[in-house]
């Protein structure tokens with residue numbers, strides 16, 4: 001039985017920075033995907049300017065608060081399954097789910113931590 005698990009993803013996230021600096025835009029791709037249980041899934045987040053490793057990934061399920069998965073681009077938050085991993089620095093980052101599980105149905109967000117409004 002082919003069990004399809006859709007995962008809606010945030011397409012564009014704009015974060016405003018203080019002072020004279022330009023806004024940093026984060027663009028996630030793909031904007032939507034459909035995958036099977038057991039698949040390897042990769043989500044990309046691109047920043048409009050370098051943010052070193054100051055990036056976090058969140059998972060949000062309907063009716064629930066966002067859950068921190070990864071911070072500092074690649075550090076797994078305590079309690080998060082090891083099938084989740086993050087990589088990248090500068091302007092390009094990836095979130096990988098090595099073997100998709102039914103409970104991974106969610107919306108996934110990247111957030112830059114380089115500066116705050």
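Cβ from N, Cα, C; glycine included.
Feature annotations, reproduced from Swiss-Prot:
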- 1-22: signal peptide (SIGNAL)
- 23-45: region 'Framework-1' (REGION)
- 24-117: domain 'Ig-like' (DOMAIN)
- 45-110: disulfide bond (DISULFID)
- 46-56: region 'Complementarity-determining-1' (REGION)
- 57-71: region 'Framework-2' (REGION)
- 72-78: region 'Complementarity-determining-2' (REGION)
- 79-110: region 'Framework-3' (REGION)
- 111-117: region 'Complementarity-determining-3' (REGION)
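Cβ contacts within 10 Å of residue 45 (disulfide bond), excluding its own Cβ and spanning all protein chains shown: 27. The listed stretches are 57-71, 72-78, 79-110; of these, 79-110 has the most Cβ pairs under 8 Å to the region 'Framework-1' (23-45). A Cβ distance under 8 Å defines the sequence-distant neighbours of the region 'Framework-3' (79-110), meaning residues of its chain 6+ beyond its ends; these are 3, 5-10, 13, 26, 28, 35-53, 55-61, 66, 68-70, 73.
Other Cβ atoms within 10 Å of the Cβ of residue 110 (disulfide bond), summed over all protein chains shown, number 26.
In this structure, residue 45 (disulfide bond) is part of a beta strand by DSSP.
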